[in-house]
There are 4 protein chains.
Amino acid sequence: MSTLEARKLRHIEACLRPESQYQRVTTGLENVVWPYRALPELDMNAVDLSTTFLGKALRAPLLIGAMTGGAEKAALINRHLAQAAQRLGVGLMLGSQRVMLEHPTALSSFEVRPFAPDILLIGNLGAAQLLKGYGADQITRAIELIGADALAIHANPLQEALQLGGDTHWAGIAARLSEVVGGVPYPLLLKEVGHGLSAEVARMALGAGLAALDVAGAGGTSWARVEELVRCGEVRTPDLCEIGIPTAQALREVRAAAPQIPLIASGGIRSGLDAAKALMLGADVVAVARPLLEPALVSAEAVEAWLEKFIHELRVALFVGGFKDVAAVTGKSAG
Amino acid sequence: MSTLEARKLRHIEACLRPESQYQRVTTGLENVVWPYRALPELDMNAVDLSTTFLGKALRAPLLIGAMTGGAEKAALINRHLAQAAQRLGVGLMLGSQRVMLEHPTALSSFEVRPFAPDILLIGNLGAAQLLKGYGADQITRAIELIGADALAIHANPLQEALQLGGDTHWAGIAARLSEVVGGVPYPLLLKEVGHGLSAEVARMALGAGLAALDVAGAGGTSWARVEELVRCGEVRTPDLCEIGIPTAQALREVRAAAPQIPLIASGGIRSGLDAAKALMLGADVVAVARPLLEPALVSAEAVEAWLEKFIHELRVALFVGGFKDVAAVTGKSAG
Amino acid sequence: MSTLEARKLRHIEACLRPESQYQRVTTGLENVVWPYRALPELDMNAVDLSTTFLGKALRAPLLIGAMTGGAEKAALINRHLAQAAQRLGVGLMLGSQRVMLEHPTALSSFEVRPFAPDILLIGNLGAAQLLKGYGADQITRAIELIGADALAIHANPLQEALQLGGDTHWAGIAARLSEVVGGVPYPLLLKEVGHGLSAEVARMALGAGLAALDVAGAGGTSWARVEELVRCGEVRTPDLCEIGIPTAQALREVRAAAPQIPLIASGGIRSGLDAAKALMLGADVVAVARPLLEPALVSAEAVEAWLEKFIHELRVALFVGGFKDVAAVTGKSAG
Amino acid sequence: MSTLEARKLRHIEACLRPESQYQRVTTGLENVVWPYRALPELDMNAVDLSTTFLGKALRAPLLIGAMTGGAEKAALINRHLAQAAQRLGVGLMLGSQRVMLEHPTALSSFEVRPFAPDILLIGNLGAAQLLKGYGADQITRAIELIGADALAIHANPLQEALQLGGDTHWAGIAARLSEVVGGVPYPLLLKEVGHGLSAEVARMALGAGLAALDVAGAGGTSWARVEELVRCGEVRTPDLCEIGIPTAQALREVRAAAPQIPLIASGGIRSGLDAAKALMLGADVVAVARPLLEPALVSAEAVEAWLEKFIHELRVALFVGGFKDVAAVTGKSAG
Ligand SMILES: Cc1cc2nc3c(=O)[nH]c(=O)nc-3n(C[C@H](O)[C@H](O)[C@H](O)COP(=O)(O)O)c2cc1C
Ligand SMILES: Cc1cc2nc3c(=O)[nH]c(=O)nc-3n(C[C@H](O)[C@H](O)[C@H](O)COP(=O)(O)O)c2cc1C
Ligand SMILES: Cc1cc2nc3c(=O)[nH]c(=O)nc-3n(C[C@H](O)[C@H](O)[C@H](O)COP(=O)(O)O)c2cc1C
Ligand SMILES: Cc1cc2nc3c(=O)[nH]c(=O)nc-3n(C[C@H](O)[C@H](O)[C@H](O)COP(=O)(O)O)c2cc1C
């Protein structure tokens, strides 16, 4: 097992601990009031949850969040996630593929296309790697080796800063992003890992030509916390670990700064109602990571059951809010 | 015992559990400040609580909220409620009469006129039934069979959505309401079941010709919770179960949207002071459901005792607020 | 022991219970920010706490609040209070003298002049009595029999409303107050008993010619609670018992409505800092009732010790706030 | 051991108790949102924390807060603090030197220059002493005897007021400050001891010619509490002990009133993130007292370890906030 693989497993264990979640900061979604319409003028089963994202059809505006890859357990997790995504017609974001580029044996854990031939599949690499030599070629390889539709670049300076030997050389990152985007013939996304994108970062990303954004805001899993749990077994700098832009706020400011960009809401999305509210704040789809980790350790069916309940809640929310489809919630014109 | 009858009983049991009440959302009445006037210029026993609603005289601006009917226990409950209402001169809203239209043997549990010849008596049917064939004829029959003065149509999309096999076909509801109202020679009301009417729904109801509204807002009994308690023994989607418009807010926005409509405040009204505040926010009368369930299982006297304390509190509130009668609180010109 | 005497004793016992205090409503003084001046330009021992109220000199802007009289224990309490007031040069408000007018034997419990020849001494009678026959003559007698300087009329409609057989005939009270004030050759005050005077009531009192006001606002002792504790052993209508105008708000609105009237702040004044804040909100003096009940049951020394600590706190507050005397805090021009 | 020396030791013990900290009032820094920039355009190790204060270079914008001197234990504490300050290149504020002026034997406990030849070293005396005879000569001697660069005069009227026999003669303090400043050939600072400087006091200090200010605001150590703990073993006047201007507010108002003055933020600074926020509110450097007391009792290494973690947190905060140096945070033009 490589160092990187072992690290992945420790990350999974840390994520399962309740201390991996923000303790004081919340997503802010709890303060968003969901409308209630006692006479909805709708049939609930006719509420249309389908949408398209990055050109691919989704049966619900939902992606499984970027989590893992690399270790044996990761292969199992990814297979379960992929099978559930295929059955339900939702998207799947994979975990960082760096391990697979560096250790060819790790590739298999990312090969989920056989289980999910039709889904929107999104690869993953770290922004910090771009400044350490990774470029358009590696990214293109990362996408093509696993048959992904797109790839998300995660920006995680706080996580790196709290990591022993983390990559904290970020000078030149914007220029490097531009360069790389230009050389990759697939859509690239920018995401955080739980501390949020700001309006300013959204504008930088637009300038660099990124195709979509995932706010990955504060209020759910804090990778600063995960990193300290992995390193010290406990959270040593609780103040720093609460830094971040709450998901609801990140959505509002990013959407205002980039009205047209395809936008994923993630970070603390825990129920179908959270998802509905995130759409109302301007997201096109939502992504959920940690709540799916436990079911993914069990089976594809467990993942499916969790997602089905989530999607049902989302449907109920749209029905009682009087929204006939996703576009009616997001305020975009619908078909 | 029919399925519907059995369901009614399970509902009663669920309502008795504390989990049937909203856990985070409150009515908002606790933030309404009641005025205090140290020199009231009034005799408390001369404070006049009488009013008229839907053309019938009430000795206090109070209705017993829509609860039950159908089962044997329900007959007892309704008799106790009716006897107390008659003695105190307040109104009575009955539970859904669907069971009685479908199972003639259930009729007797709704026949309360012998015990309450003089009261304002209001029947009840579900809005969803209107789209499944029920129309002006059934409503008229439901009213006349029990000698009611009016009938309340309950709109409960969230409850139906969370119910296994619930009626979630609501497309066309506004047109159907209009149609039905035109064919019934009695006043019809629109009410929720604990999730509230919005300004928009109030305007739809006005357009459809309804005679009165009952906001049945959030903060007291949540029928979403009741439904999950009945179905699963516990609340499975706590987020969805807190959806709704708090009673105080529903009152404010409905009154603003429909300044003249006869308006009932219900949903979490628990004390005479709550009632006084609801009147101050624009309600003509208030209705109370769940707190009367326990005394109604015991005796008419128990119901009466509960109501007398409530009415006394209301009187004290008006006295120390310096209000000589109900109209002085609601801001309407009085006799 | 007369019924009234027995009632007084039960009141004392009830007041000693923590449930006699407001449970949710607070005075609002906790939100008033006291200024801090790190360079005060003052000598603390030169801070001048003396003032005059109703023409009498006080060594600190402080009165012992109206509490009791009538029973044997009450005589003891009043003696201890009077002795402490004399020694410290503060004022004393006595409890209701109705018992003494109706039972001459009760007079002695109010005769505190021998122990306190120099203090500002204020008698007490209920407003409700004015409508039951009491008039200028009885009030004058109540004052003269005990050598008081003035008399406070307590308005307590909520207390009366929650009392079995309470006096709830208040129609005509304003006219009656005017009448009575005209016939009494001593200054009369209007006070509440813990539920507060509003701006409107202050204007009525001004119109009736009262010489001073004591807001006796909400946040400390609630006489609604005391009454229910006496009657039922517990608080039965907790909602009604929280009605009232918080002391800080009562001060603000009464002072705005009556900029010149001599004004007492009471109701929940618990520390010298509370007193300082009340002065800043416009009070001329403060009054404290319940905290002095326990020491008054013990000895004059115990009362004195409590008051000395309180006065010291007030002095410290003025010193660090940079106020050289009472007038500097209240904003009135000083000598 | 002199009385003053014994008092110092009791103060140290009291400061170690958790009751020495504000219980309700907080610094307000917890409500200051720290920006997060997912793409920082910086290398973390290139973030420049160095600055100059009162003409001396600092490797981080940090001073060890004024604490002690006089007793044997104090000598040890001061030595450990000085050694750590020297190694890390931060400043050191010493505790009150009054004891050393009155008891020559106490001088040695302040002689830290041998351990810290290069640091910014700031002496300390109480403002109240200036009105009891201390003047420019004593201050100059206090500075020169220990080779300090400057001296902080602490204004502590609340502490003195709660102290048995405290110095509460402050009349004439502004004039006296002016006089003294004019006669001392070193920079003088004004600081509080945990209750905060206001805008008004800042203006007085400017007028008197002081060279710098330390807000020493509310939210951390409360010297009112310390004084009561020393005197009574418990806090007797909890209300008075919460008086003060929270650090965040003090910073905002002092900076607005004195845009150019060198400004120290202290009072409840507990983490590098607190420090970062204080800089954002306008401080030039921060000072930390109580958290360093425990490590200072142990060793210079313990102090160093605490400070290194703090400085690392500050660096991480600047990095993820996208600030390349201290001037970028404070908003001042940088080199
Ligand atoms: C077990 C686990 C592994 C993760 N691994 C990655 C990763 O490799 N790359 C990435 O961009 N984000 C990763 N994340 C972050 C998530 O994609 C997501 O942004 C974050 O967890 C917030 O979402 P949540 O609150 O729903 O968990 C991971 C999250 C979890 C829980
Ligand atoms: C036992 C029970 C049965 C109810 N049944 C009905 C019903 O059949 N029809 C209806 O419109 N509402 C029904 N309701 C809802 C109430 O009328 C009311 O809108 C709701 O309970 C909120 O009021 P509360 O907080 O005072 O209980 C029922 C309520 C209870 C507690
Ligand atoms: C034991 C006790 C007896 C009281 N009796 C009287 C009374 O006879 N007349 C009156 O006007 N107020 C009476 N009060 C009310 C007080 O004067 C005061 O308005 C009220 O207690 C609020 O002040 P506090 O919060 O400091 O107790 C009494 C209060 C107490 C505690
Ligand atoms: C043990 C100790 C001793 C102190 N002694 C002094 C002193 O002699 N002179 C002074 O100006 N401040 C003194 N202070 C106050 C601090 O300088 C500082 O203003 C205050 O403690 C608030 O900072 P903190 O919350 O970081 O402790 C002392 C503080 C502590 C904890």
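Using N, Cα and C of the backbone, Cβ positions are placed for all residues, glycine too.
Any TrEMBL annotation is an automated prediction that lacks curation.
Quantities reported herein were computed from a predicted structural model and do not represent experimental measurements.
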Item to check | Listed co-binder of FMN (same site as A:A66, A:M67, A:T68, A:S96, A:N124, A:T221, A:G268, A:I269, A:R270, A:A289, A:R290, source TrEMBL) among A:K191, A:K324, A:K332 | outcome: A:K191
Checklist outcome for this item: Per DSSP (three-state), A:A289 (FMN binding site) is coil
Next on the checklist: I'd like to know which of the binding-site residues A:R7, A:K8, A:S96, A:R98, A:Q159, A:E160 sit within 10 A of A:A66 (FMN binding site) at the Cα level.
Outcome noted: A:S96
Item to check | Inter-residue C-alpha distance, A:T68 (FMN binding site) and A:R98 (substrate binding site) (nearest angstrom) | outcome: 11
Checklist entry - In the structure shown, with every protein chain counted, which of the binding-site residues A:R7, A:K8, A:R98 has the densest set of Cβ atoms within 10 angstroms of its Cβ? => result A:K8
Next on the checklist: Cβ atoms within 10 Å, counted per site: which of A:Q97, A:N124, A:Q159 has the most, among these binding-site residues?
Outcome noted: A:Q97
Item to check | Where the C-beta lies under 6 angstroms from ligand 1, the matching binding-site residues among A:T68, A:N124, A:Q159, A:T221, A:A289 | outcome: A:T68, A:N124, A:T221, A:A289
Checklist outcome for this item: A correct count of other C-beta atoms within 10 Å of the C-beta of A:S96 (substrate binding site) gives 27
Checklist outcome for this item: Of the binding-site residues A:R7, A:S96, A:R98, the one whose Cα sits nearest to the Cα of A:A289 (FMN binding site) is A:S96
Checklist entry - Counting only residues 6+ apart in the same chain, whose Cβ is under 8 Å from the Cβ of A:E160 (Mg(2+) binding site)? => result A:A128, A:G166, A:D167, A:T168
Checklist entry - Given the binding-site residues A:A66, A:I269, A:A289, and counting only Cβ atoms in the protein chains shown, which has the most within 10 Å of its Cβ? => result A:I269
Next on the checklist: I need the nearest neighbour of A:N124 (FMN binding site) among the binding-site residues A:R7, A:Q97, A:R98, using C-alpha distances.
Outcome noted: A:Q97
Checklist entry - If you count Cβ atoms within 10 Å of the Cβ of A:T221 (FMN binding site), leaving out that atom itself, what do you get? => result 25
Checklist entry - Roughly how many Å separate the Cα of A:T221 (FMN binding site) from that of A:R7 (substrate binding site), to the nearest whole number? => result 17
